[in-house]
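Listed features, source Swiss-Prot:
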BINDING   Gly66, Gly67, Ala68, Gly69, Glu97  NAD(+) binding site
BINDING   Lys75, 92-96, 180-185, 218-220  FMN binding site
BINDING   Cys353, Cys356, Cys359, Cys400  [4Fe-4S] cluster binding site
Amino acid sequence: MTGPILSGLDPRFERTLYAHVGKEGSWTLDYYLRHGGYETAKRVLKEKTPDEVIEEVKRSGLRGRGGAGFPTGLKWSFMPKDDGKQHYLICNADESEPGSFKDRYILEDVPHLLIEGMILAGYAIRATVGYIYVRGEYRRAADRLEQAIKEARARGYLGKNLFGTDFSFDLHVHRGAGAYICGEETALMNSLEGLRANPRLKPPFPAQSGLWGKPTTINNVETLASVVPIMERGADWFAQMGTEQSKGMKLYQISGPVKRPGVYELPMGTTFRELIYEWAGGPLEPIQAIIPGGSSTPPLPFTEEVLDTPMSYEHLQAKGSMLGTGGVILIPERVSMVDAMWNLTRFYAHESCGKCTPCREGVAGFMVNLFAKIGTGQGEEKDVENLEALLPLIEGRSFCPLADAAVWPVKGSLRHFKDQYLALAREKRPVPRPSLWR
C-alpha cells in the first residue's frame, strides 16, 4: 500500500533544498539571512527539547539519503543521553559513488543550509562538535564551507551559547584525499583520526563508540539539510509527500544519454518515466538498462514496467534493486553490459582498501580476472558460471559494504543480461569497441 505520490509537476510541492541553488551569492550568509536563514534553528533551540526534535524527525519519516535509507530519527535516538561524554556529529560529504552528484550543489551553493541542519541535528543528539568530511576533489565546496563557517561563527551562529541558549556547537571541515572507501562511516572516522581509512568491525556501533571512542552520529549532506524544512514546516508537511515507506522530497540525479542530465528535487515515488521524459527531456538514443541509485545498485532493463516503477525504497526493493543515492544512470544499447560491469568492477577493485579477503581476493582478484577473460574474447561458458557462483561467496562477508557494492550491479546484470555474457563466451569475441559514452 502506498501513500499519495505527488507528481513532480504538482503545484502542491515546492523545492526546499535546491530553492536557491544557482542563485548569485546564495552561498553567503547575508543572502541566507535575507531568505529566513537560521530562524528555524533559533526558534527550535529556544522552544523544543532535544528529544522533541528527535520525535519530530521520526514522525516525518525522513530516511538517510546517503544510500542505506535508515530512519534518521531512530538513528539519532541511539545516542546516549546525559552520559557526560563528548558527543560528535559527522556530515558525510565524501560523495564518491559514480552517478551521484547531488550533495555537491548543496555544499557549493547553500552551505548555510547544511550548517543550520547540523546545528539542529547536533542539538538533538547533544553534540557540541561537528565535522564535515568533504570529498577531496570538491575543492570549491570545501572552500565555500570554510568561508560559511567563518561567517556563521563571526555572527554567533556557531560557537558558545547559540541564540542566547545554553547550547554550544562548532563545526570543522576536513578535506578527503580521493579515497572512495572513506564514504564508509567507520573508515571515515579512522581517516578523521589520522589513521589508515580501513573500516571497523561493528559492533560497537558509532553511537556507542565512534570518533575517538565517543558517541557519534554520521549523516549524509542531503539528510542533514532536510532537517531544516522539516523543523520549519513540521513533520506532517514532509510526510504528506512520497509513499508509505519513503517520505518527503528527494534529490534525484540522472546521467547518461539524456537531453537534460542533472539533479531534480522531486517527491519520493516519482517514476522513472517522469524523471527521464518529463524532467530530463528523454533519451538521446536507444536505452537498454537503468541503474537506479548510483553504481552500486543492480541495473534494471529499460522496459515499460520498469519505467512506471516509483523510485522509492520499497518499490525498487520489490524489483530486485535499490534506491541508493537516487543517482539514475542510463546505459545505451550500443554499450556492452559486460563492458559496463567490467568497468565498475575495476573501479571497486581499485578503491578496495584490501583489509578483507573476500574483497581483496574476490573482487580485485577473481572478479577482475574473470571479466578480463570474458571481455577480451578468451572466456568460456564456465567462466560466466564461475562468476555467477563467486558472487555469493563475496557478498556480506566483509567489514564494510564495498565488496557488496561490487557484487550487486554484476549480480543484477547477470539476472537480466546474462545472454550478453554467454554470447561473448560462446563466440570467443571481445566486448564491442568502441564502447564509449559520446
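From the backbone N, Cα and C atoms, a Cβ is placed for every residue, glycine too.
Where Swiss-Prot records a feature, it is marked here on the structure.
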| residue | record | DSSP (3 states) |
| --- | --- | --- |
| Gly67 | NAD(+) binding site | coil |
| Ala93 | FMN binding site | strand |
| Tyr180 | FMN binding site | helix |
| Ile218 | FMN binding site | strand |
| Cys356 | [4Fe-4S] cluster binding site | coil |
| Cys400 | [4Fe-4S] cluster binding site | coil |
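Straight-line distance linking the Cα atoms of Gly69 (NAD(+) binding site) and Asn220 (FMN binding site), rounded to a whole number, equals 10 Å. Counting Cβ atoms from all protein chains shown, Glu184 (FMN binding site) has 25 others lying within 10 Å of its own Cβ. Within 8 A of the CB centroid of the [4Fe-4S] cluster site residues Cys353, Cys356, Cys359, Cys400, the other residues of that chain are Ile181, Asn198, Pro199, Ser352, Gly354, Lys355, Pro358, Arg360, Ser398, Phe399, Leu402, Ala403. It is Ala68, among the binding-site residues Ala68, Ala93, Cys353, Cys356, whose Cβ has the fewest other Cβ atoms within 10 Å in the structure shown.
Closest by Cα distance to Tyr180 (FMN binding site), from the binding-site residues Gly67, Ala68, Cys400, is Cys400. Of the candidate binding-site residues, Ala93, Glu184, Asn220, the one lying closest to Cys353 ([4Fe-4S] cluster binding site) when CA atoms are compared is Glu184. Within 8 Å of the Cβ centroid of the NAD(+) site, not counting the listed residues Gly66, Gly67, Ala68, Gly69, Glu97, the chain contributes Gly64, Arg65, Asn220, Gly293, Gly294, Gly324, Thr325. Mapped onto three states, the DSSP output places Lys75 (FMN binding site) in helix. When the Cα atoms are compared, Glu95 (FMN binding site) and Gly66 (NAD(+) binding site) turn out to be 9 Å apart. When Cβ neighbours within 10 Å are tallied across all protein chains shown, the highest count among the binding-site residues Glu95, Glu97 belongs to Glu95. Nearest in space to Asn220 (FMN binding site), taking C-alpha to C-alpha distance over the binding-site residues Gly66, Gly67, Glu97, Cys359, is Gly66. Cα-Cα distance from Ile218 (FMN binding site) to Ala68 (NAD(+) binding site): 12 Å (rounded to the nearest whole number). Note on proximity: of the binding-site residues Gly66, Gly67, Ala68, Glu97, Cys182, the one nearest Cys356 ([4Fe-4S] cluster binding site) is Cys182, by Cα distance. In this structure, the C-alpha atom of Ala68 (NAD(+) binding site) lies 11 angstrom from that of Glu184 (FMN binding site). Rounded to the nearest whole angstrom, the C-alpha distance between Cys400 ([4Fe-4S] cluster binding site) and Lys75 (FMN binding site) is 18.
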